[in-house]
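Here TrEMBL flags 49-67, 74-92, 98-117, 138-158, 170-193, 259-277, 289-310, 322-341, 347-367, 379-403, 415-439 as transmembrane segment.
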Amino acid sequence: MQNYLKVSLILCCYGFLREMRPSEPFVTEFLSDQRWRNITSTELNREVYPVGTYSYLVLLIIVFLITDILRYKPIIILSSCMGIAVYSMLLWTKSLLSLQIVQVIYGTFMAAEVAYYTYMYARVDRTKYQQVTGHTRAAILAGRFSASLLGQLLYSFHVMNIRDLNYITLGAQILSLPLGFILPGVGISLYFYSTSSKTVSHPSINDDPSENSIENDMSSGNKLTHPVKAQFSPSRAADLLWTHFIQAYSNLTVVQSSVWWALAMAGFLMIQSYVQLLWQDIDPDTKNLYNGAVEAILTLLGTFGALIAGSINMKFYERYSMWILSFCASLEGGMILISAFTDEIFVAYAMYICFGILYNFMITLISAHVAKQLADESFGLIFGINTFMALVFQTILTVSVAAEGGFALDIREQFITYGGYFIGLAFVYVIVAIVQLVLKCSRRNE
């Protein structure tokens with residue numbers, strides 16, 4: 001077996017086990033169930049879940065930089081350790097304070113995901129990027145789908161209760177740990193470790209790779225078999241980070257897409273974090289609990305949506321991008337508002353699935369559109385910045401809408417606010433589209 005396939009196989013197994021969390025779709029029911037801890041849904045809404053948002057925001061930027069400095073593998077191992085800690089505490093602690101600590105650890109667990117996605121690009125030859133990306137992304141989705149389906153089946157057929165599902169999740173995190181240790185180490189990283197001082201002048205997207213001996217050496221496969229000794233260079237890292245940042249955000253297309261990306265992602269994260277509380281409010285009867293099935297369907301159909309987005313005509317999107325972004329944001333807002341006002345749990349389930357499919361479709365489309373505008377290897381940085389900004393917006397929403405000290409709205413009022421948020425986003429992009437159209441017409445008349 002070729003080296004890159006071995007690396008890909010280990011990484012895929014790790015990703016599958018990391019996502020094997022059948023307890024996730026039922027976490028709100030578990031945490032608010034009086035049989036296991038004396039925590040109310042209101043406390044979860046205002047005092048527990050906001051802590052996870054704040055910690056994820058703070059830790060993401062730290063983990064992003066440390067991942068590059070430590071060269072990926074230690075952060076992958078840390079991710080497994082954090083997963084073990086999270087689900088151990090969920091099983092064997094009961095206090096409100098312990099849940100808040102769990103949220104901080106969970107924020108670290110989620111932030112460390114960046115190492116999984118970037119490890120392969122530092123370890124595997126550039127010519128294999130597309131293949132390995134497909135493998136690892138498929139492993140994540142397969143793990144998520146399998147976990148949701150397994151959790152639903154075990155719960156529906158009374159094999160396990162919602163607390164016992166955490167044992168499977170914990171076991172999967174424990175099994176992922178040795179895989180993290182056996183992953184091959186990485187000698188280089190994009191920013192802090194270079195193979196030579198020559199790489200300070202980073203080639204642009206238009207450069208001929210044959211003109212750079214280091215780049216040419218990597219593309220021949222030596223990245224795996226003959227690693228060059230790396231040099232730690234903070235100054236090079238700072239220069240390259242700044243160069244990539246300026247190159248990307250000097251492009252108006254990147255800015256317009258990134259703003260929608262960050263704002264929509266913030267809204268999606270809020271919906272994802274609080275939707276189980278809405279479902280619980282609509283139908284408190286746990287006999288109709290199909291959260292796992294809903295997440296499984298969303299994962300499956302969301303994957304198809306992403307595949308379709310990757311194959312559509314980008315010229316059409318580029319021509320009408322502002323109108324498309326506005327239309328999709330308004331649709332998402334409408335779906336959320338329907339969920340907020342309905343008393344039928346299956347309507348709320350259907351709206352969440354449709355919302356998630358549309359979100360996955362649009363984020364994939366925007367990611368591909370942005371990637372085309374960027375210099376080589378800077379997409380990871382831009383992805384990180386956009387995600388960070390999404391978390392900033394999510395934190396603002398959490399503080400103002402959900403948490404104590406803000407408006408502390410009840411769950412239905414929160415979802416009405418989130419629906420209005422997406423409709424407001426649609427309105428902004430309609431205005432931008434109209435302005436662009438007017439300017440275009442005026443230039444033609446001149």
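Along the chain as shown, residues are numbered 1 onward.
Cβ coordinates come from backbone N, Cα and C, glycine included.
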Checklist line | Long-range Cβ neighbours of the transmembrane segment (138-158) (under 8 Å; 6 or more residues past either end) | finding: 11-13, 15-26, 165, 168-169, 172, 289-296, 299-300, 303
Notebook entry, point to check: Are the transmembrane segment (259-277) and the transmembrane segment (49-67) close, by which I mean at least 3 Cβ pairs under 8 Å that are 6+ residues apart in sequence?
Noted result: yes
Check: Same chain, outside the transmembrane segment (49-67) by at least 6, Cβ under 8 Å from its Cβ: which residues?
Finding: 75, 100, 103-104, 106-108, 110-112, 114-115, 118, 269, 273-274, 384, 387-388, 391-392, 394-395, 398-399, 402-403
Next item on the list: Give the one range among 74-92, 98-117, 170-193, 322-341, 415-439 whose Cβ atoms make the most pairs under 8 Å with those of the transmembrane segment (347-367).
Entry: 322-341
Checklist line | Long-range environment of the transmembrane segment (74-92) - Cβ separation under 8 angstroms, sequence gap at least 6 | finding: 14, 18, 23, 30-31, 63, 66-67, 98, 101-102, 105-106, 108-109, 112-116, 119, 163, 166-167, 169-170, 173-174, 176-177, 180-181, 183
Next item on the list: State, in range form, which of 170-193, 289-310, 415-439 has the highest count of Cβ pairs under 8 Å to the transmembrane segment (322-341).
Entry: 415-439
Check: When you scan the chain for residues with a C-beta under 8 Å from the transmembrane segment (170-193), skipping those not six or more beyond its ends, what do you find?
Finding: 7, 10-11, 13-14, 17-18, 20-21, 68-69, 71-73, 76-77, 79-81, 83-84, 86-88, 91, 118-119, 121-123, 147, 223, 227-234, 236-237, 240-241, 377, 380
